[in-house]
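K.L.:
When I checked TrEMBL for this same protein, it listed these features:
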type	residues	note
DOMAIN	1-180	domain 'Cytochrome b/b6 N-terminal region profile'
DOMAIN	181-242	domain 'Cytochrome b/b6 C-terminal region profile'
TRANSMEM	7-26	transmembrane segment
TRANSMEM	53-74	transmembrane segment
TRANSMEM	86-104	transmembrane segment
TRANSMEM	110-128	transmembrane segment
TRANSMEM	149-170	transmembrane segment
TRANSMEM	200-221	transmembrane segment
Amino acid sequence: WWNFGSLLGICLITQILTGLFLAMHYTSDISIAFSSVAHICRDVNYGWLIRNLHANGASFFFICIYLHIARGLYYGSYIYMETWNIGVVLLLLVMMTAFVGYVLPWGQMSFWGATVITNLLSAVPYIGDALVQWIWGGFSIDNATLTRFFAFHFLFPFVIAGAAILHLLFLHETGSNNPAGLTSDADKIPFHPYFSYKDLLGFIIMLIALASLALFSPNLLGDPENFTPANPLVTPPHIKPE
């Protein structure tokens, strides 16, 4: 229950490391982006493993982040305004990073997901349409969109790492919350070995779970439509007007 903060740290490190290796072989060009991901999985040594760890690591990131938020809400951690507000900023940054990352493989769900989400901004009064075209880098989702999304996806995790350090600095000013809702120095114990071993156990359990998913059922949490290259003329069957 108290482990999800440290687990999010491990998630971030895992995503940055696997992402760096993927970035060495990925090509952000709409004509070959889909093929470059297939090339990583088929031709690069252990590329399939790195790609599966990265894709499923994102799902684990969100499982941990939602449980971390739930714990914070339940124990009233929002009374620590600075820590909480930086946490909210971190959530939005992680969501943005995951969204631009989802566009990169340039499958059907990548393209149409990008189309739907970016078009939401057209609802902004006065500047909506101009804002959408500015983000696209043209009059539709095209090569300019993919290259800038790749740049954002590479950059944001380092911004997240910086914000996470701030999050921890503010947390250390106040101390974590606890079920009693009291801040007392009377019952405190050293972080090491008591909590460091608990964190280590959490790391081991999560990394085993992530490795198991990546090795035995890597596509369980993915969308089958994303195995089809992006086609602006064909909408996936399950995407329809509500």
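Note that Cβ sites are derived from N, Cα and C of the backbone, with glycine treated the same way.
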K.L.:
Could you tell me whether the transmembrane segment (110-128) and the transmembrane segment (200-221) have 3+ CB pairs under 8 A, leaving out pairs under 6 positions apart?
P.N.:
no
K.L.:
By DSSP, what is the split of the domain 'Cytochrome b/b6 C-terminal region profile' (181-242) into helix, strand and coil residues?
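P.N.:
Split into helix, strand and coil, the domain 'Cytochrome b/b6 C-terminal region profile' (181-242) gives 27 helix, 1 strand, 34 coil.
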